[in-house]
Amino acid sequence: MSAIAFWGAVELGLIFGFVALGVFLAFRVLDFPDLTVDGSFPLGAATAAVALSNGIDPWTSLLIAAAAGSVCGLVTAFLNVRFGILNLLASILTMIALFSVNLRVMGRPNMSLLNQDTIVTPFYDLGIPDHIVRPLVLLVLVVIVALLLGRFLASDFGLAMRAAGANPRMAQANGVDVGRQIYVGMALSNGLVGLAGALFAQIAGFADVTSGVGTIVVGLASVIVGETLFRNRSMLIALFACILGSVVYRVAVQLALSADFLFLKASDLNLVTAVLVTLALILPKLKARRRAA
Amino acid sequence: MIAAENIHVTFNRGTPLEHKALRGVSLTLADGEFVTVIGSNGAGKSTLLGAIAGDVTPEKGVIRVGADDVTREKPALRARRVARVFQDPLAGSCANLSIEENLALAACRGVRRGLGLALNGARRARLRDRVAELGLGLENRMGDRMGLLSGGQRQALALVMATLADAKVLLLDEHTAALDPGMAEFVANLTEKLVVEHKLTTLMVTHSMRQALDHGTRTIMLHEGQIVLDISGERRRTMTVDDLVDMFRRVRGGAELDDDSLRIG
């Protein structure tokens, strides 16, 4: 694997670090299996692409994308909290609707952004090679977001959110409005994913309605890899483990794809991902069974 | 003061499984009164507690806390004034949060939760002091996950959690039933102490006749969704467990007790 391919994998891993944080918030903190992200990721990409091509500055486009992602989360939360639709099903409904929404937003299936300024453009003048500047900028961003998220989860409100996910009955008995926590948590989670979509569009130079397929699996893979790397961790370490998990996962996939003897092609990515996640889910159980035997 | 006025609750209405859990229960507790509730399975004890806590919305009747009608107030909102401890020690706290995180969560009951740090220095010290009062040594394990503790320890902490914020009412749903005898006694005595200290109006459901008479100031017996016995004062003081069991049997139409543990407990 070349240095450029390696840094490319790190870069992608850091972008999906935001997805991992969002998925962690939904799956682990709120205990809400949320597939909305498969729609909110491309929506983030689409809104950012449209914003950029309309002359809006790159940073503002990130905020717009995050806001758009949050709205998706709110829709899913609304279906679940207000109407009692099963969480998984509610998120699938939103996801499927978003495919059409994304086509409407862009007006076509994909958009190129090759000559647009991005958030990284100003940093290309620093004299560091381009393929290293990008991951550096992303690293700073994702660390800031993880610190903010960690601080949020350590607050009274964040603690209530963790309780609402872990033990809704107890949370309610302690005056926590569980429904409201789901709204806020889902908005945050999908906002992070929308942000990731926007960063992906800016860095990759395009937005595509199909780019969201498997976002949830990749996010979950990152969370699981992170949890495997750091067990018995504090909340802040768990958040950074998600980001690290995302990077490790991308580098591992890159290694697998560039190992000639495996006969893998880039188009095998989703298959490889599914197999890796399945293994990560099965292995702890097998280990436990062996220990019990 | 809490008051239940002519409460009716029916589960699975209009189906073959229709069950009238409460049939016109009226009960008024003066401030600081500690009432123990007994009754056989399905008598409506937990339903009564659920109606006061807000888990169950009665189809008829009014629930009041103080002067306010709270019949349709959501449980989360009602938690401002009503604290609870559940039968299942695992239900009352979060296994994945630390002891102090669980306590901090309970300390905010009824207060608007903001973005300030949940565990700041002053609150930490206060929580530690409250845990130290238990005398279980848990004050040195404040950072441990709740899931590492025994059922009794968790139930003792659940009581502390219920009394951290200023509630007026404490609802206990057989909160010692899942504990070993020694721990059950510890938790029951702790309950008595905290109720007096915090001047709580308390409703305690129990399976044990002994506990029903030993604790509190008044005892009621529920049968098939109605209050069939309500004793306090001198009459209660002179009552023995055997008297109570006899009454219990009479209420059930002379049928033999299917549960000898009532007498023993």
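One-based numbering along the chain as shown.
Every residue, even glycine, has its Cβ placed from backbone N, Cα and C.
Features of the protein shown, as given by TrEMBL:
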- A:6-27: transmembrane segment (TRANSMEM)
- A:62-81: transmembrane segment (TRANSMEM)
- A:88-107: transmembrane segment (TRANSMEM)
- A:136-161: transmembrane segment (TRANSMEM)
- A:182-203: transmembrane segment (TRANSMEM)
- A:209-230: transmembrane segment (TRANSMEM)
- A:237-257: transmembrane segment (TRANSMEM)
- A:269-286: transmembrane segment (TRANSMEM)
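Long-range Cβ contacts of the transmembrane segment (A:182-203) within its own chain (Cβ-Cβ under 8 Å, at least 6 residues beyond either end) map to 11, 15-19, 21-23, 25-26, 29-30, 32, 34, 36-37, 40-49, 52, 58, 61-62, 64-74, 76-78, 80-81, 113, 116, 118-120, 134, 138, 141, 145, 149, 152, 157, 161, 164-165, 211-212, 215, 219.
Long-range contacts of the transmembrane segment (A:6-27) within the same chain, counting only residues at least 6 positions beyond its ends with a Cβ under 8 Å from a Cβ of the stretch, are 33-34, 37, 41, 131-132, 134-135, 138-139, 142, 145-146, 149, 185-186, 188-193, 195-196, 199-200, 203, 215-216, 218-220, 222-223, 226, 238-239, 242-243, 245-251, 253-254. The recorded stretches the transmembrane segment (A:237-257) and the transmembrane segment (A:136-161) share 3+ CB pairs below 8 A when only pairs 6 or more apart in sequence are counted, and are therefore in contact. Here the transmembrane segment (A:136-161) has Cβ contacts under 8 Å with residues 11, 14-15, 17-18, 21, 25, 29-30, 119-120, 123, 128, 171, 176, 181, 184-185, 188, 192, 195, 199, 203, 235-236, 239-240, 242-243 of the same chain, all six or more residues outside its ends.
Long-range contacts of the transmembrane segment (A:269-286) within the same chain: residues 213-214, 217-218, 220-221, 224-225, 228, 249, 252-253, 256-257, each at least 6 residues beyond the stretch ends and with a Cβ under 8 Å from a Cβ of the stretch.
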